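To keep things clear, I will list the structure first and then write my remarks on it.
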Amino acid sequence: MKALKWLLRHPGATVGPAAVLGSGLELGWSATGGLAGGTVGALTCWYRAHPDTFDHYAAPRLRAWRRRWSVYLGPRFTRALRACDMYVTDRKTGEDLFPRITRLRSYSPSVDVVTLALARGQGRRSIEDNLDRLADTLRVQRIAFEHPKPGYVALIIERSEPFTETIPAPEMPAEPDAVDLDDIYVGDTEYGTDWRLRIRDHLLVAGATGAGKNSVVLSELRGLAPLIRDGLVRLWVCDPKQLEFRKFGDADVAYRYGDTEEACADLVAEYVADLREVQQHFARTGRRKIEVSAETPLNLLIIDEIGALLAYGDGAIARTLRKLLAIVGSQGRATGHFMTALVQEPSKDVVPVRDLFPTRVCLRVTAQSHVDMVLGEGARLRGALADEIPNVPDTAGIGYVIRQRTRVPQRVRAAYVDDREIDELIAFIRSNRPTAGLSVVA
Ligand SMILES: Nc1ncnc2c1ncn2[C@@H]1O[C@H](COP(=O)(O)OP(=O)(O)OP(=O)(O)O)[C@@H](O)[C@H]1O
């Protein structure tokens, strides 16, 4: 009975071998070999021709299938559960009852999500309280816990840490021609590929203090350096914290710079006025899209600690700012007005404006709920364990993004731009910059 139950629960285990055997007997073994080779070839072609759909549909299942038969194979996994007291004993029969794997997805090479149906009479705390022991037993980095529905738990198993070294600051291209605005290198992904961002998109970077938020923006600015130098990209910087971005104001590198709450509000109002002016220009000339040039530059509004302006500061200013930012978020794309905001705590006051930012990055955060607030519902359950990133300097710059096409979280690390490299960036921008017309909003 047990064997029959198992076979019914794992149709793949019967259908696969039965299909191979049937095909071997019916069509001959060489034809079966040809079919198997053809299937592998077709998968390879799919991967090459359309990696996004392959990553979305095939890769998590193929990886999960391999892991199912290696790491999470029945008796081995059951032994681990027993060693970590993650089972209950039926008082009447004395039988040990174990939770059962009902679903396994490997969304990325380093994260598996295992859904378990709890055994009869088993409380979820017996799992939740022993996660550290299970992580050590399975020899994985860490395991996080979710409770998707009654009777089930999900273990998000982070198998390894793909980032063990700091990524050096991006090189600055010498000339504007070498920059693709939709493809700026800012770090690496867990797959060892480049992590690139579109500048022509609004970007939100969330992370607790010391998570390395600035490195995302500074890497972006190094990629844009020749365009800023030549006046093709104008920086508007709101810097209520007055730390790293202070240098941009001091050195007159930013087109506009504001450091107090009022100055930031004026700056954003001026930003929206500039946006309106471009809209009117479009209406007069019949144009619908900007061509980036010195006459019609791209504008980038950087708001360091948007929470200080929207959540903790003056209520009237916050309300005005919310309206202005909504205009930038909804109308800025056509006129070349974009924004990048940094936030420590994606609190309720900041979350409403979250939807204005199509690209969001979640570095180390302090609460589980922050992950879904930033990346969207279900992101943590699909492996975005940003709240589990240890609070140590070695992990700064590490976080998650949601891959736009596949909606799967991906672990990324931003390149690190140190003080010397910020100075180098500023000197580069100033090397060819007319200073007249630049001002600081005071
Ligand atoms: N990408 C990175 N790679 C490696 N180390 C980094 C990276 N980014 C930052 N660090 C290290 O972490 C420290 C904190 O970084 P940073 O001040 O940028 O964090 P933050 O999120 O902007 O914090 P805050 O909100 O307090 O300003 C830096 O001084 C640096 O030593």
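Even glycines carry a Cβ here, placed using N, Cα and C.
Where the annotation comes from TrEMBL, it is an automatic prediction and has not been curated.
Per TrEMBL, domain 'FtsK' is recorded for 181-372.
In the shown protein chains, 22 other C-beta atoms lie within 10 A of the C-beta of Gly212 (ATP binding site). Here TrEMBL flags Gly207, Ala208, Thr209, Gly210, Ala211, Gly212, Lys213, Asn214 as ATP binding site.
Among the binding-site residues listed (Ala208, Gly210, Gly212), Gly210, Gly212 have a CB atom closer than 6 Å to some atom of ligand 1, in sequence order. For the domain 'FtsK' (181-372), the model gives a mean pLDDT of 89.
The least crowded of the binding-site residues Ala208, Ala211, judged by other CB atoms within 10 A of its own CB, is Ala208. In three-state terms derived from DSSP, Asn214 (ATP binding site) belongs to a helical segment. Within 8 Å of the Cβ centroid of the ATP site, not counting the listed residues Gly207, Ala208, Thr209, Gly210, Ala211, Gly212, Lys213, Asn214, the chain contributes Gln344, Leu363, Arg364, Ala396. Set side by side, the binding-site residues Gly207, Gly210 differ in how many other CB atoms lie within 10 angstroms of their CB, and the most is found at Gly207. Burial estimate for the binding-site residues (Thr209, Asn214): highest at Asn214, by number of other CB atoms within 10 Å.
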